[in-house]
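Here the structure is laid out as structure tokens; the discussion comes afterwards.
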Amino acid sequence: MKDLIKRLTETYGPSGNEELIREQIKKEIKSLANEVRTDVLGNLIAFTRAKSSKHKALKVMIAAHMDEIGFIATHIDKQGFVRVSNIGGIYLHNVIAQRVIFANGTVGTINEERAENPSEAKRIDKLYIDIGAAGKREAEARVAVGDVAGFHRSCEFLGNRAIAKSMDDRIGCAIMIEAMKKLKSSPNEIYFVFTTQEEVGLRGATTAAFGVSPDLGIAVDITGAFDTPDEKPKLPSALGGGAAIKVKDAGLLAHPAVKKLMIETARANKIPYQLDILEGGTTDGAAIYKTKSGIPTGVISVPTRYAHSASEMVDLGDVKASVDLLVKLLMLNLSAKGF
């Protein structure tokens, strides 16, 4: 699975520019589903039929987002520096001196103007990308206003942990792909949806959930890891504790029956798990949950250190536990569970 994680995290794909990562994922899954299609917003939807059965198969949507945070070029000054705005949630203290890459392969480094007073520090309008251009004309030959950059970093493995840009949420995509490989058959109709534009407002999941119209939804995404020296141990999720089963975040209160089923399934199969309570941020689950008249929805989360940075860290044991939990859930006759 390490090779898969490396391939996915190192692929370019900021929100609204998911073409390259979508094609990479399509290569990974094309032989694993009965049907693979792309919808209008660019969501990649892989459908697997239920094995023949007398019962009515439940329609289940599993979602992880392909997109990553990034920067959009807004202006090129006379010296050739590229001014930018954010795509998604950029933490300005994380980005200074980080390398970025545009879709055409142009590489640069992010820096900021020196602030005259503290109130002006760490503002997005003070950032610029230096692409090494000698002036505006040279810069415009490489980058145009409206071009989008993402972090440019390799994936590294540190013992049983991995660090890379875009773990949010390529690790969720990797978990779904691995589950597809392991799931030989299921009594449920499953829609594995690799969504777009989550980082800018859950947009892909919103339209995909409307189109799929599932009976049950499960999002797979990262959550915070509250186990570093700067964090007070007030929230439960940490690296190495197992799959994190969502209780709540800023956009979702996990459906009680889905949360209970996840916990019972983890316990029954001796899968390590922990609970996920997040005060800020949300996942595609919040969009699925509110589709039409409401969809019972839960989330399997991977605790992640340094989220929304160029160096997001996960524990591979947590990743394996998340794969195992997802597979065991999808092997259940979910229509018999009352959904």
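Quick reminder: no glycine exception, Cβ is built from N, Cα and C everywhere.
Note that TrEMBL annotation is computational and uncurated.
Among the candidates Asp39, Asp125, Asp168, the one that TrEMBL lists alongside His65, Asp221 as binding Zn(2+) 1 is Asp168.
Binding of Zn(2+) 2 is attributed by TrEMBL to Asp168, His308, and within the candidate set Glu138, Glu199, Glu264 the record adds Glu199 to that site. Under 8 Å, Cβ to Cβ, and six or more positions away along its own chain, Asp221 (Zn(2+) 1 binding site) finds Ala64, His65, Asp168, Asp169, Gly172, Thr283, Asp284, Gly285, Val299, Ser301, Val302. For His308 (Zn(2+) 2 binding site), the same-chain residues lying six or more positions away in sequence with a CB closer than 8 A to its CB are Ile69, Gly88, Gly89, Ile90, Tyr91, Asn94, Asp168. For the recorded Zn(2+) 1 site, residues His65, Asp168, Asp221 set the reference point as the centre of their Cβ atoms, and the other residues of that chain within 8 Å of it by Cβ are Ala64, Asp169, Ile171, Gly172, Glu198, Glu199, Ile222, Thr283, Asp284. Around the Cβ of His65 (Zn(2+) 1 binding site), a 10 Å sphere holds 31 further Cβ atoms from the protein chains shown. Asp221 (Zn(2+) 1 binding site) falls within a strand segment according to DSSP. For the Zn(2+) 2 site, the Cβ centre of Asp168, Glu199, His308 serves as reference, and the other residues of the chain with Cβ at most 8 Å from it are Glu68, Ile69, Gly88, Gly89, Ser166, Asp169, Ile222, Ala307. Shown in sequence order, Ser15, His65, Asp67, Asp169, Gly204, Ala205, Thr283, Asp284 are the residues of the chain, 6+ apart in sequence, with a C-beta less than 8 angstroms from the C-beta of Glu198 (active site, proton acceptor).
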